[in-house]
Amino acid sequence: MESEQLFHRGYYRNSYNSITSASSDEELLDGAGVIMDFQTSEDDNLLDGDTAVGTHYTMTNGGSINSSTHLLDLLDEPIPGVGTYDDFHTIDWVREKCKDRERHRRINSKKKESAWEMTKSLYDAWSGWLVVTLTGLASGALAGLIDIAADWMTDLKEGICLSALWYNHEQCCWGSNETTFEERDKCPQWKTWAELIIGQAEGPGSYIMNYIMYIFWALSFAFLAVSLVKVFAPYACGSGIPEIKTILSGFIIRGYLGKWTLMIKTITLVLAVASGLSLGKEGPLVHVACCCGNIFSYLFPKYSTNEAKKREVLSAASAAGVSVAFGAPIGGVLFSLEEVSYYFPLKTLWRSFFAALVAAFVLRSINPFGNSRLVLFYVEYHTPWYLFELFPFILLGVFGGLWGAFFIRANIAWCRRRKSTKFGKYPVLEVIVVAAVTAVIAFPNPYTRLNTSELIKELFTDCGPLESSSLCDYRNDMNASKIVDDIPDRPAGLGVYSAIWQLCLALIFKIIMTVFTFGIKVPSGLFIPSMAIGAIAGRIVGIAVEQLAYYHHDWFIFKEWCEVGADCITPGLYAMVGAAACLGGVTRMTVSLVVIVFELTGGLEYIVPLMAAVMTSKWVGDAFGREGIYEAHIRLNGYPFLDAKEEFTHTTLAADVMRPRRSDPPLAVLTQDNMTVDDIENMINETSYNGFPVIMSKESQRLVGFALRRDLTIAIESARKKQEGIVGSSRVCFAQHTPSLPAESPRPLKLRSILDMSPFTVTDHTPMEIVVDIFRKLGLRQCLVTHNGTVLGIITRKNMLAHLEELTLRAEPLAPPWYYNKKRHPPSYGPDGKPRPRVDNVQLSLEEAEEEEAEEEVRLLNRIAP
C-alpha cells in the first residue's frame, strides 16, 4: 500500500517503478519499498538472475575441476535482450569474462585490416585509463564543491559575512585588520544573527536568539535534505557503502548509481552535514565517486555492455572516493581492496591508484580548506612516542572494540525496530525529530556545536605557544623566556578541567545520537562520527596520562623519559590513536585504516601505536561478533552477498541445501526436443523460476544444459515476430540436430543458441564448504546438483545464505567456558561412540542430527530410484 501511495506521489524516478515490495531498513528508503529477503521468489527457487554463457567448470566426486570453454552457436542475427540482466538480479562473472575475451579477440583480429580498425583497437585499449581519469576528475571536483558548500552552510547557522555573502566565518575575517590574536574569529565583517536581528552581540537575549536561529537552520537543512531524497532519489540516503559492496559482488540495483542519485546525493550531503547531525560526508563520497564511475562507463562500449568490466571501474571509483574524503590516495586503494571490492585484478589496482591520484590532485588544486592540504585536520607532532605509552594505546583499542560492538548491536536493533513500528513509516518526521534533538542538545556545549571535522581538528592539534583553545589552558612557567616548539609538560589549568567535563558530555551525546542517526533517510556517513568519539576519548586519556607523568615523574615507568621540564606526552596523539581505534571497531578495517590515518594526519612516525590500537580494537570487537557495521546492514537488508572473509565450517552437503526440498514442487525441467512452444510458455506462466535445466528426456533425466526464463521469453517473442510458421504447436529443439517430424508439422523453433551447454554441476555429496568456495572464487549464481549424471536439484547464492541463517537459528551455542564447569559441557561423543555433529563452535543434538540424516538418505534414494 505504501509503495502504491508513493508511486502516485511521484516518489519513483528512472528504474524505481520496478520496486514493489515492502521497505528495508538501512540504505534503501522505507518509502522506496525495497526489501531483499531470503523468502522472496525472484532469485530464490532456481537462480539469482540470468545464467551463464562461456567458460564453465564441472566438479566430479574426486574434486578435480575440468575447464571447458564453450562458445555457443550464434544466430545469424543476435536476439536483442538475450544475455542481459533484470533489476535485483546477480550477474554471472564467468559469462561476462568470456564475453570480454571474445570481444578482445575480435578486435585484435581486425586491427590490421585498416587504419580505422587500428584506431578502434587503440581506443579500446586506452578506454580503461580514460574512464578512471574522468572519474577521478569528477570525484575531486565534486568533493571540493561539497567541502566548500558544507563549510559555508555550517557557518550560516551562526551568522553571515556582510562583506561577501559566499565567505564562511574564517574566510570573512582573513582580510580584516581589526582581529586580535585572542579573538581571531571575531571581526566587524562577520555578524551573528543576534546582531542582525536584535542588535545585541552579548547578553542573554543574544544567546537565546542565536540558539533559536541555530535550531531553525538545522531543522531547515534537515527537512530540505530528506524531502529531496524522498521525492527525487530514494537511493541517495545512507552512506551507500553496504550497497556498493553488494553491487561490486555482482548484484544489480538499477538506478543506485544513476545521474539522479548523484545529483541529489551531492546536494543533500551538503545539507545533511550543515544541519549538525551526527554524521559525516566521507562514506557518501564513496557513493558519489561510484556514481561518477558508473555514468562515465557508459561512454565506453567496453564497460557499458559488460557488467563485470564495469565493476572494475567501480572499484577504482571507490578508491578515488576515499582519496578525496580523507586526502589519502594510498589508503583509498587499500580500502577498495580490503573493504569493498569483490574482484580486484592487478590492472584494477593500477587504475585504482591512478584514479585516486587524479582525484587527490584535483582536490589539492581546489584547496577547499585554504591550508594547502587535502584534509582539514593535518597535524604534525614534534615529540616521539615512548614504549610505556603502548599500554594506554592498547586501552584505547579496547575502548574502540567495545564501542564498535555496542554500536553495531544497538544500531541494528534500532533499524530493525524502525522497520517494525509505525515510526519507521514516516522518514521525514524521524529526520526532523533527530535533527531537533541534536540541535537543542548540541548548542550549549561548544564541542558539540562545532562541525565534527573542526572538532576532530581541535582534538588532534598539539598545544603550541600560539594555541588559544581551552584544551591548551595550562599554567605556564613564568621563567620561560623564548617560544619553542617542544613545550614541556605543564600542570593543567581551569580551562583544561572545564574542557574535560565538556568533552565527557560530548562523548555521551555523540555515542547516543550516532546510534539513532546512522540509517536515517539522508546521506549519512559513519567515519567522522566514529573518529570523533575516539578522538574525544583519546584526548581525555592523553590529558590524564600527561598530568600523571607531570605529577609523578619519579615513577619507574616515567623516570627514564619524563624528566622535569621534558615534553614526553602528546595528548593529540592519543586523540589520533583513539579515532583510529573506534573507526576500526565499527568497520573492522585494519591495514587500510592505519594507512588512511597516517596519510590523514601526516603521522608516519606513529604507525606502531596505530597498528597496536587498531588490531586490539578488531580483536575485542570480533570477540562479540565478527561482522562490521556494513556487513551487518547487508545481512539486515537481505542482500545476496557472500563475504569472502567469512569461513564456512558447517558439516553439510550439497544435497542438504539444494532445491527442491521435500515440501517443494518437483524440479521443473525442459526436454531437449519433446516440448512445444505452448508447453514452454505454460511452464513459464505457471512457475516463478528464473531458469530451467534441460534434460534429454523424462525417462533418462540426463542433463543437457540450462536455459533462462528471461532468454526463453525473449527468444520466443522474437521468433513469433521475425520467423514465419512459428506457432504454439511448433516443436522447440535444444539439440544440435532437429529430429525428423511429419510433413504437416509446423516449423520447429531452434533455441540451442540460448542454451548453456556446460552449466556448473556438483554431485549431491559435495561438501558445502567446497561449493561456497567455488561460488566465491568463480562468481557463480547457481549450480546444478546431479547424481550419476541425473539432475537432482539446484543451488543458488540465496539458497546458501538462507541455509546459513537456518543453521544459525537452529543450532544451540555452547556457553562460554567461564560460565559452565567442565562436567556440564555436552559430551563430544554420543552413546554409540560416534562423534556428535558440530557446526562451527556449535553442537547439535544427537537425535536431531540422526533424524535429519535418515530423512535425507530416504529422500535421495527415492529420487534416484526409477
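Every residue gets a Cβ built from N, Cα and C, even glycine.
Summarising the annotation, TrEMBL assigns domain 'CBS' to 658-722 (among others).
Summarising the annotation, TrEMBL assigns domain 'CBS' to 755-812 (among others). A mean pLDDT of 83 is what the model gives for the domain 'CBS' (755-812).
The transmembrane segment annotation in TrEMBL covers 126-150 (among others). Within the same chain, residues 266, 269-270, 273-274, 281, 285, 288-289, 292-293, 296-297, 299-300, 302-303, 312-313, 316-317, 320-321, 323-325, 347, 351-352, 354-363, 365-366, 368-369, 451 sit at least 6 positions outside the transmembrane segment (126-150) and bring their C-beta atoms closer than 8 Å to a C-beta of that stretch.
What TrEMBL records for 214-236 (among others) is transmembrane segment. Sequence-distant contacts of the transmembrane segment (214-236), counting only residues of its own chain at least 6 positions beyond either end whose CB sits under 8 Å from a CB of the stretch, comprise 10-11, 13, 16, 27-29, 31-32, 153, 156-158, 243, 253, 255-256, 258, 260-261, 263-265, 267-268, 271-272, 274-277, 427-428, 431-432, 434-436, 438-440, 443, 449, 520-523.
What TrEMBL records for 256-277 (among others) is transmembrane segment.
Look at TrEMBL and you will find 284-301 (among others) tagged as transmembrane segment. Listed as Cβ neighbours of the transmembrane segment (284-301) (distance under 8 Å, sequence separation of 6 or more from its ends, same chain) are residues 127, 130-132, 134-135, 138-139, 142-143, 146, 238-241, 243-244, 247, 257-259, 261-262, 265-266, 269, 310, 313-314, 316-318, 320-322, 324-325, 340, 359, 523-525.
Same-chain neighbours of the transmembrane segment (313-337): 128, 131-132, 135-136, 139-140, 143-144, 244, 247-248, 257, 281-283, 285-290, 292-294, 296-297, 303, 343-344, 348-349, 351-360, 362-363, 373-375, 378, 527, 589, 591-593, 595-597, 599-600, counting only residues six or more beyond its ends whose CB sits under 8 Å from a CB of the stretch. What TrEMBL lists as transmembrane segment is 313-337 (among others).
What TrEMBL records for 386-408 (among others) is transmembrane segment.
As annotated by TrEMBL, transmembrane segment applies to 428-447 (among others).
Distant neighbours of the transmembrane segment (499-520): 25-27, 226, 237-239, 277-279, 403, 407, 410-411, 414-415, 418, 427, 430-431, 434, 437-438, 441-442, 445-448, 455, 469-471, 473, 526, 529-530, 532-533, 536-537, 539-540, 543, 629, 633; these residues of the same chain sit at least 6 beyond its ends, with a Cβ under 8 Å from one of its Cβ atoms. Annotated transmembrane segment per TrEMBL: 499-520 (among others), in sequence order.
As annotated by TrEMBL, transmembrane segment applies to 532-553 (among others).
The transmembrane segment annotation in TrEMBL covers 573-598 (among others).
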### Task
Establish whether the number of Cβ pairs under 8 Å between the transmembrane segment (256-277) and the transmembrane segment (428-447) reaches at least three, counting only pairs separated by 6 or more residues.
yes
### Message
Under 8 Å between C-beta atoms and at least six residues away from its ends: which parts of the chain pack against the transmembrane segment (428-447)?
### Response
211, 214-215, 218-219, 221-223, 225-227, 230, 275-278, 418, 455, 458, 499, 502-503, 505-506, 509, 513, 516-517, 520-522, 536
### Task
State the non-local partners of the transmembrane segment (386-408) in its own chain: residues 6+ outside its ends, Cβ under 8 Å from one of its Cβ atoms.
511, 514-515, 530, 533-534, 537-538, 541-542, 545, 557-558, 561, 568-569, 574, 577-578, 580-588, 609, 612-625, 627-629, 632
